[in-house]
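Undergrad: So TrEMBL lists the following for this protein:
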type	residues	note
REGION	286-305	region 'Disordered'
TRANSMEM	48-67	transmembrane segment
TRANSMEM	79-98	transmembrane segment
TRANSMEM	127-148	transmembrane segment
TRANSMEM	155-173	transmembrane segment
TRANSMEM	179-199	transmembrane segment
TRANSMEM	219-239	transmembrane segment
TRANSMEM	251-269	transmembrane segment
Amino acid sequence: MQSLSDFLPKLLHWHFDYKTLGKLLVHGGGPNFPYKNSSKWTSDHLPFAMQMSVIYMVVIFSIQRAMRHCPAFSLRLPLAVWNLFLALISILMAYKFIKEFLTFHFTNGMMHGMCYSGDFMKGANGYFVFVFVVSKLFEMVDTLFIVLRKRPLIFLHWFHHIVTFVYVVWAYPQNPSGNRYGFVFNAIAHSVMYSYYFLRTVDFPLPKWVSKSVTLLQITQFVASLFFYPLLAVLVYVYELKTCDFKWNVFWWGVAMNVAYLILFLQYYRNAYNLSARRYDSLDGLPKRPREQPKVPIPVKGKRD
């Protein structure tokens, strides 16, 4: 890891190696995925992740302000296509991650699976791990649909986009064993979530309980992560498994991020479903339900989204 004195000046210079990114995404798939190249790319682009986060905030709040005196855009078809695209990508990533997760654990045992990264970042599975990291940049487009459609934009939505994107770019090159669990949890949650958003966008009839279940699934991933992180820390600290692929800095940032998400999502769940009459009509650019139908809150997206 580079020192702070070396890192800070890079925040003042724009650097985005789109050519290498394109090669990794287009030609990097398969058993020979170059993890060293993708690791170097993400390590070099941590300043870019922070710069993009600032640009993201400026753009979305500027558009939101500009839209005060403009009619809302419909964007129904683009939104449906976008949600379908992210749903399919998330389902494919979840399939790959679950397959690797089960294979690695059944072959090497639970202790080994928790302690070592193995080939999670390499080969065909490694390609989709890198796609997972890059997808957190593209998921920021979700917020554009919200502000252009003049839908409510709450703190949880844009906060989790920024924190998750910066976190995965920072943690990916360090290849800690905890990445396997966090990425699996998040890919599963996003597979269900984006599929739900797509169905809602095309007005597919869904029972009321589906919306609540999607939010509960998102909360579950944070609870699962907060169960796993301390367990892994105990294995490393108490049993002195010093050979584990464990990084204390990634551990503490991961815990802090998941605690923050859990608190925010629980607060959203309480406000949306139980103790408050207040309703968030649309947190992710989804169409409003007709007035004669019961109002069902829309869950927000979350990561390790």
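Every residue, even glycine, has its Cβ placed from backbone N, Cα and C.
The model shown is predicted, which means the values in this text are computed figures rather than measured ones.
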Undergrad: Taking residues 6+ outside the transmembrane segment (48-67), which of them lie with a CB under 8 Å of any CB in it?
TA: 11, 14-16, 137, 140, 143-144, 146-148, 150, 153, 158, 161-162, 165-166, 169-170
Undergrad: Going along the chain, which residues at least six beyond the ends of the transmembrane segment (79-98) come within the CB cut-off of under 8 Å?
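TA: Apart from its flanks, the transmembrane segment (79-98) reaches 124-125, 128-129, 131-132, 135, 138-139, 141-142, 145, 149, 180, 183-184, 187-188, 190-191, 193-195, 197-198, 201-202, 285-286.
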Undergrad: At a C-beta cut-off of under 8 Å, are there same-chain residues at least 6 beyond the transmembrane segment (179-199) that contact it? List them, or none.
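TA: Same-chain residues near the transmembrane segment (179-199) but 6 or more away: 80, 83-84, 86-87, 90-91, 93-94, 97-98, 100-101, 104, 113-114, 117, 120-121, 129, 132, 171-172, 206, 210-211, 214, 217-218, 220-221, 224-225, 228, 254, 284, 286, 299, 301-305.
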